[in-house]
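J.: Annotation comment: Swiss-Prot describes H48, E75 as active site, proton acceptor. What Swiss-Prot lists as active site, proton donor is H196. Positions annotated as 3-amino-2-oxopropyl phosphate binding site by Swiss-Prot, on the basis of sequence analysis: N12, R23, G197, G218, H219. Look at Swiss-Prot and you will find D14, H15, R50, H55, T105 tagged as 1-deoxy-D-xylulose 5-phosphate binding site. Feature annotation from Swiss-Prot assigns site 'Transition state stabilizer' to E156.
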Amino acid sequence: MIASHAILLGVNIDHVATLRQARGTRYPDPIQAAIEAEQAGADGITLHLREDRRHIQERDVALLRDVLVSKMNLEMAVTGEMLAIAEKYCPEDCCLVPERREELTTEGGLNVTGQLARITEACVRLKEAGTRVSLFIDADPRQVEAAAQANAPVIEIHTGHFADARDERNRRKEFQRIVEAVKRGREVGLQVNAGHGLNYQNVAAIAALSDIVELNIGHAIIARALFTGMQSAVGEMKRLMREARE
């Protein structure tokens, strides 16, 4: 499954906003981070507007719409409020994710099979607004097939279980689940992206899967940027992804 075509990088800027919100200041500015990420080669900017507004604020979404050169991938829960916000700002991409207020970060994939009608309706609304929909799902063929039934053109495979595996046996097991989910996604005609928990040590294995179009990575890049700067951190991730396809 290794190929030479390029793989895209969406840089998630949520944790720049996390640092800002920790003190309620105007800095660091996630908008500046997005601009620097683009200058370093990011193919898109991802941000998650959570219901509790713990990091990204609606104002950030509005400002980014005016300055992004690449594309916006807005992550959000499947709620009436969030759908209305997406319809207001019309991001190029919108990734529907599960959300629980008590979680530190998104802990698992969307249960598409358990709420097919609701997610299908959300996909219709977003498509009518001119936004391409992605569903963030676990590496489960049943969820992949349900995503296709919901008429979502894109899925993002949750790579967190692979990234968090404590030993090589479990890591191989989770990797194989991803491989099978990617294969099933292509069989049912979906674009397949991936993300969550990817870092400079584990990204190559996922980036080497030729049927994956885009990786969305945030925490590892922002953490590296604290020491090396945003452009260097993004550039290094792009290099690792590119080399995995060579």
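Glycine residues also receive a Cβ, built from the backbone N, Cα and C atoms like all the rest.
Tell me about the surroundings of these features in the structure.
T.: Mapped onto three states, the DSSP output places E75 (active site, proton acceptor) in strand.
Neighbour count (other Cβ atoms within 10 Å of the Cβ, all protein chains): 26 for H196 (active site, proton donor).
R23 (3-amino-2-oxopropyl phosphate binding site) falls within a helix when secondary structure is assigned with DSSP. Counted within 10 Å of its Cβ, the other Cβ atoms near R23 (3-amino-2-oxopropyl phosphate binding site) come to 8, all protein chains included.
For D14 (1-deoxy-D-xylulose 5-phosphate binding site), the count of additional Cβ atoms within 10 Å of its Cβ stands at 21 [all protein chains shown]. Secondary structure at D14 (1-deoxy-D-xylulose 5-phosphate binding site), as computed by DSSP, is helix.
Packing around E156 (site 'Transition state stabilizer') is summarised by its Cβ count: 31 other Cβ atoms lie within 10 angstroms of its Cβ, all protein chains included. In the three-state DSSP reading, E156 (site 'Transition state stabilizer') counts as strand.
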J.: Measuring CA to CA, name the entry from the recorded positions H48, H196, G197, G218, H219 that ends up nearest H55 (1-deoxy-D-xylulose 5-phosphate binding site).
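T.: Going through H48, H196, G197, G218, H219 one by one, the closest to H55 (1-deoxy-D-xylulose 5-phosphate binding site) is H48.
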J.: Within 10 Å of G218 (3-amino-2-oxopropyl phosphate binding site) by C-alpha distance: pick out those among the recorded positions H15, H48, E75, E156, H196, and say none if nothing qualifies.
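T.: If one measures from the Cα of G218 (3-amino-2-oxopropyl phosphate binding site), the recorded positions that come within 10 Å are H15, H196.
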J.: Let's check the environment of H55 (1-deoxy-D-xylulose 5-phosphate binding site): how many other CB atoms sit within 10 Å of its CB?
T.: 21
